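Have a look at the structure below before the remarks.
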């Protein structure tokens, strides 16, 4: 008992002994007997003082200018050591491409702007985002964030065990600027199902890899079953019930929805529909005995493993036919984009899919672009729709200009989502040494954009000169047709991109309406 008492008194003394700051901070009386500071009062009720003499609780003796600060005695003390990457010392307004990939200690320096980084807290993020950390001098004003890495989204698992798949999403919770569209990255293991369901939003999909079988029924009772593979598309209008089953190879795909607040966790599932209705109602509805519903799943199925689907697609299509037949081909829910050859242009390639060729997707127009190292998607804007981007490969940057005087530049890698509000002028520039592949998704009945180069090339020369003070040598070379993609130089220290007139490809017709290559 005495040992316990001694230990208790010792511990009490350790927790209750005043710190030097407390002794000097007593108000009233002599020798600390006249009262307590607010810090010691807190400690009286929360005895957290350490035996080393420190304290987790505040003391009023630290208020104000009475506490001395010890400054470094030499100019070099506490200064970080670093090296700058190529182009980092160029004038900030030049906005040259910076590569921090292999830089141990990236610095927030661009020309005379910024300063060295003391902490290095987020070096891995700084390496991925040089244009956020050492932003171009032309970035200005207050612009909302328009980038979201899908890798930061929480991945929801399927059910039932056996690693059936997952889904992760981007909506206005992750990217508030994305008011009119949301995206989901979904993976189904070999043979796994995405449960029968429907949505309140339109669903547009692009297959990343693998293959799958989709099925749907329209309001007229017409059926649709098809097999799709990497590079193909599907579209289900709002309210159309459908299913997706992976092939024995499995499948991963992108879903884009026509509502910015769409949530993958709030879809209409057939399992939940059955679970949330009385069994008597189900029996009456399906004209059967109530016992047929004794083995319903106890919870939603969502994504789950299953046996392979029948190999013969034609037999399956015939087996589900009703009296109204199949969905007609001009309203097909799939588009085999994998079989469409892209239009090759200097600096990259282009594929366009819009309702003129995929009619059921009546308000989805999508451009698929590849951009070679050093090249860029020219400065442009869209007239009636925001632009939702997804990057499939490579490294790029985008500057989005928001009127009247704001802009912001972000870096993008594979798996990143971008979002550009309607009428915001922007470009997409390859900043790496591999090809960039990405898509532009619009909520529009036709793919359209406004090219800044073409606009100025079709404007009276004196108006352009008077407004921008550009030299006549440049004005005379402005194009009268859209380039979509402009080539560059993989040497990212290059500042002269002048193309000799003899090297310019002359086109008599707008790209997309050529007799030899169909873009639209």
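Residue numbering: from 1, along the chain as shown.
For all residues, glycine too, the Cβ spot is worked out from N, Cα and C.
Ranges compared are 95-131, 132-168, and TrEMBL records region 'Disordered' for 132-168. Summed and averaged per residue, pLDDT over the domain 'Cupin type-1' (335-476) gives 98. Counting residues of the region 'Disordered' (132-168) by DSSP class, helix then strand then coil, yields 5 helix, 10 strand, 22 coil.
Residue counts for the domain 'Cupin type-1' (335-476) under DSSP, helix first, then strand, then coil, are 21 helix, 66 strand, 55 coil.
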